[in-house]
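For reference, the structure is listed below as structure tokens.
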Amino acid sequence: MAFQDLLDQVGGLGRFQILQMVFLIMFNVIVYHQTQLENFAAFILDHRCWVHILDNDTIPDNDPGTLSQDALLRISIPFDSNLRPEKCRRFVHPQWKLIHLNGTFPNTSEPDTEPCVDGWVYDQSSFPSTIVTKWDLVCESQPLNSVAKFLFMAGMMVGGNLYGHLSDRFGRKFVLRWSYLQLAIVGTCAAFAPTILVYCSLRFLAGAATFSIIVNTVLLIVEWITHQFCAMALTLTLCAASIGHITLGSLAFVIRDQCILQLVMSAPCFVFFLFSRWLAESARWLIINNKPEEGLKELRKAAHRNGMKNAEDILTMEVLKSTMKQELEAAQKKHSLCELLRIPNICKRICFLSFVRFASTIPFWGLTLHLQHLGNNVFLLQTLFGAVTLLANCVAPWALNHMSRRLSQMLLMFLLATCLLAIIFVPQEMQTLRVVLATLGVGAASLGITCSTAQENELIPSIIRGRATGITGNFANIGGALASLMMILSIYSRPLPWIIYGVFAILSGLVVLLLPETRNQPLLDSIQDVENEGVNSLAAPQRSSVL
């Protein structure tokens, strides 16, 4: 008897599974806030140098009380080509001759300027406090803003590897509960971090815990339901991410202080940690790891909650042992990474899929992590991005059932590249058009990544699917980490990061054409199925999986 058949007897999607799924997805909505928290906590406010004549509160009316604030600003701060005050320079001495001029120096030499040696003054009308104002992450220190985002994404990459291994060894529930506690502690501490170094270190740990929670949530949901409900469950977890992004925009609009926002995002994880004690461990994991008594206990609990009255009679150790035999035989058929890469077709597929995930993830995170570079209203952008990814997740099942995998991904990536490159030529004043292009690009990226994930599961045989997915997932996390660092290049050329994002989107759309088409093809079970692909392609079409 297969384990899926055993779950059918327990109840493939009964009250037990629904309650566990609802709790886990509700928790994930809050956890997903962490992935884009820096869009608000690290918002760069308008700023200028602190100058004695303007900002010294001990001098009543700024001493020369007959002059307006605008006049004092004109003689203290040089103006740029757009006639706006420079953000990182000030005059060494007040330029009184500029009072009756428009900030220019006709027929005269440029006066001496200096960096903002006394600090900065910020326009705090949008946010009273961010990590930028807390540690002056502007001008020469502005790249540290991107470093904070990079370290969070790097933490997600490390967490995927470390906690994935720990989850296989110590159980889904134990690692999930530990990750809730870790995120609660480091997130709360980050709100009161004394230095940017401490803050970045805590955000790295928060990234590791966040990715661990996301992965183990999916595992606990999928390993408790039968195969026919997996696609629906995964779609719901993706929708939870979108809802999390929408609610983040709303919460950040209400809570403008960085410290309070950090606390609101992190403190609920203490509650999640306490409530998670009532979650059920994966019975599949318990059985495979030689804990049949505990596995049987969890199965009987699930059966009782699903309304099965004679669970003890049906779910016996003899039945469980027959299930264990098949599951353990499948678990023992493992291949090392070197063995996988020595198989030409497997190696080629893993390499191409890894690049596609890497190249498609870069522009997605490039858009979603840098809202301030796209428009002035970051709250609206955050909400729109969440809404369009939610729509993409709802459209994904239809697209997967009616469109070619390769063609759909190519068109979506080309649409994404078009939006990214078009943003370069749209001036900042045309906010509506920039928002429309960015939102359309995020929708295309989200739908393209979903299609890529489905094709990945259809191209890799079941026996090595978990290991191969781990490899491609690492490349996706690397892409997300690099996307945040690439924005540092905007210091040298504002269009350069968007050009790079667009190029990667185009490359992703081209490389996917090198992969076989998998729509209406049966899922592969063994490596031999891949080697015999030419023969299998002649078989009658079967319904494809959306997993």
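Cβ atoms here come from the backbone N, Cα and C positions, even for glycine.
If you check Swiss-Prot, you get these features:
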type: CARBOHYD; residues: Asn56; note: N-linked glycosylation site
type: CARBOHYD; residues: Asn102; note: N-linked glycosylation site
type: TOPO_DOM; residues: 1-9; note: topological domain 'Cytoplasmic'
type: TOPO_DOM; residues: 31-145; note: topological domain 'Extracellular'
type: TOPO_DOM; residues: 167-177; note: topological domain 'Cytoplasmic'
type: TOPO_DOM; residues: 199-204; note: topological domain 'Extracellular'
type: TOPO_DOM; residues: 226-234; note: topological domain 'Cytoplasmic'
type: TOPO_DOM; residues: 256-259; note: topological domain 'Extracellular'
type: TOPO_DOM; residues: 281-349; note: topological domain 'Cytoplasmic'
type: TOPO_DOM; residues: 371-377; note: topological domain 'Extracellular'
type: TOPO_DOM; residues: 399-406; note: topological domain 'Cytoplasmic'
type: TOPO_DOM; residues: 428-434; note: topological domain 'Extracellular'
type: TOPO_DOM; residues: 456-470; note: topological domain 'Cytoplasmic'
type: TOPO_DOM; residues: 516-547; note: topological domain 'Cytoplasmic'
type: TRANSMEM; residues: 10-30; note: transmembrane segment
type: TRANSMEM; residues: 146-166; note: transmembrane segment
type: TRANSMEM; residues: 178-198; note: transmembrane segment
type: TRANSMEM; residues: 205-225; note: transmembrane segment
type: TRANSMEM; residues: 235-255; note: transmembrane segment
type: TRANSMEM; residues: 260-280; note: transmembrane segment
type: TRANSMEM; residues: 350-370; note: transmembrane segment
type: TRANSMEM; residues: 378-398; note: transmembrane segment
type: TRANSMEM; residues: 407-427; note: transmembrane segment
type: TRANSMEM; residues: 435-455; note: transmembrane segment
type: TRANSMEM; residues: 471-491; note: transmembrane segment
type: TRANSMEM; residues: 495-515; note: transmembrane segment
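Remote same-chain residues near the transmembrane segment (235-255) are listed as 21, 25-26, 28-33, 36-37, 39-40, 214, 217-218, 221, 261, 264-265, 368, 378-383, 385-387, 389-390, 393-394, 396-397, 450, 546 (criterion: CB distance under 8 Å, separation of at least six residues from the stretch ends).
Between the transmembrane segment (205-225) and the transmembrane segment (146-166) there are 3 or more Cβ pairs closer than 8 Å, counting only residues 6 or more apart in sequence, so the two stretches are in contact. Within the chain, the topological domain 'Extracellular' (428-434) has long-range Cβ neighbours (under 8 A, six or more residues past its boundaries) at 374-377. Counting every protein chain shown, the Cβ of Asn56 (N-linked glycosylation site) has 12 other Cβ atoms within 10 Å.
Note on the topological domain 'Cytoplasmic' (399-406): residues 447, 450-451, 454-455, 458, 512-513, 515, 517-519, 544, 546 of its chain, located 6 or more positions outside it, place their CB under 8 angstroms from a CB of the stretch.
In the predicted model, the topological domain 'Cytoplasmic' (1-9) has a mean pLDDT of 68. Through the fold, the transmembrane segment (350-370) approaches residues 36, 38-39, 149, 153, 245, 340-341, 385, 409, 413, 416-417, 420, 438, 441-442, 445-446, 448-449, 452, 455-456, 459-460, 468, 471-480, 482-484, 486-487, 497-498, 500-502, 504-505, 507-508, 511-512, 514-515 of its own chain, all at least 6 residues removed from its boundaries and within a Cβ separation under 8 Å. Summarised by DSSP class, the composition of the topological domain 'Extracellular' (256-259) is 2 helix, 1 strand, 1 coil.
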